[in-house]
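Working notes, beginning with the structure itself.
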Amino acid sequence: MINQTTTAVPGLAVAAATPELAEPARILANRLGLTLVETPDPNQLSALLLLTERRLELHQMAAGAPGPVYVELIGETMGYRLRHGGGGKQALARAVGLKGHPRPTVIDATAGLGRDAFILASLGCRVRMIERSPVIHALLADGLNRAAADPASALMVSQRIRLLLGNAIDLLAQPTFPAAEVVYLDPMFPGREKSALVKKEMRLLRLVAGEDPDAELLLARALARAQSRVVVKRPRIAPPLSGPVRPNYSLPGKSSRFDIYLVRMVRPVDQAG
Ligand SMILES: C[S@@+](CC[C@H](N)C(=O)[O-])C[C@H]1O[C@@H](n2cnc3c(N)ncnc32)[C@H](O)[C@@H]1O
């Protein structure tokens, strides 16, 4: 299934954790075109978007399913990664070219749960995030709102991060869509990560967003649009995305690899010389 910018997710509904949240939950359900349920029935549902007082959570309904997935950009896990991830020396930062070009602008065309974009923003990049799954987009918007309300990250979020709902394949093809030095891609890859936490997140992400079988077309669009480079995150042992060109070089990360495609901007003939 190619995921779309509509919420065609069978067995997914919205619920409010408390009666006070019923109205915002109803608005969310309407916006996403999902049913609002009062008492979620695990026999009827495969997943549930639950609006709690703290955040928006995505729950898998199967018996024995792991805990919920939500976007946490200011919590302990992300804080740890920001403190100990290696700053500008980490593979992600080197992959986008932070060293050679101090603060490149980035289009993160596969925003997902927003962690890579948040790290790049925390390193000084202005990042435009694109997410095509309305459910993932809603989780991401909720996480960004909480990060924007936290004094430690408020300024960074308001000054450096933008979130768009849409298919990057279409948006990148629009001549009016602002270009960026770097286009960053991290499409889904079947069974790609080892850690139990990521497995849980990826399973749920796949359940609501589907696979990304059109990643090669996305790469072609990104190559046509990036001003300096395209970076593709791949599992360590996976082959590069097939596309019009091979990566110029790769950088190994902890469980993944970054393939870097350098883009040479060709000046139009009438401006050359
Ligand atoms: C593996 S996740 C990305 C994880 C992300 N890098 C992070 O740090 O959380 C891939 C995401 O990209 C989205 N996606 C894939 N192709 C897309 C496209 N053409 N346009 C917009 N979003 C896309 C999927 O819906 C999914 O949420």
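Here, residue 1 is simply the first one shown, and the rest follow in order.
Each residue, glycine too, has its Cβ placed from N, Cα and C.
Quick look at what TrEMBL lists:
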type: BINDING; residues: ARG115, ASP116, GLU131, ARG132, ASP186; note: S-adenosyl-L-methionine binding site
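Shown on the structure are the features that TrEMBL records.
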residue: ARG115; record: S-adenosyl-L-methionine binding site; Cβ within 10 Å: 19
residue: ASP116; record: S-adenosyl-L-methionine binding site; Cβ within 10 Å: 22
residue: GLU131; record: S-adenosyl-L-methionine binding site; Cβ within 10 Å: 29
residue: ARG132; record: S-adenosyl-L-methionine binding site; Cβ within 10 Å: 25
residue: ASP186; record: S-adenosyl-L-methionine binding site; Cβ within 10 Å: 23
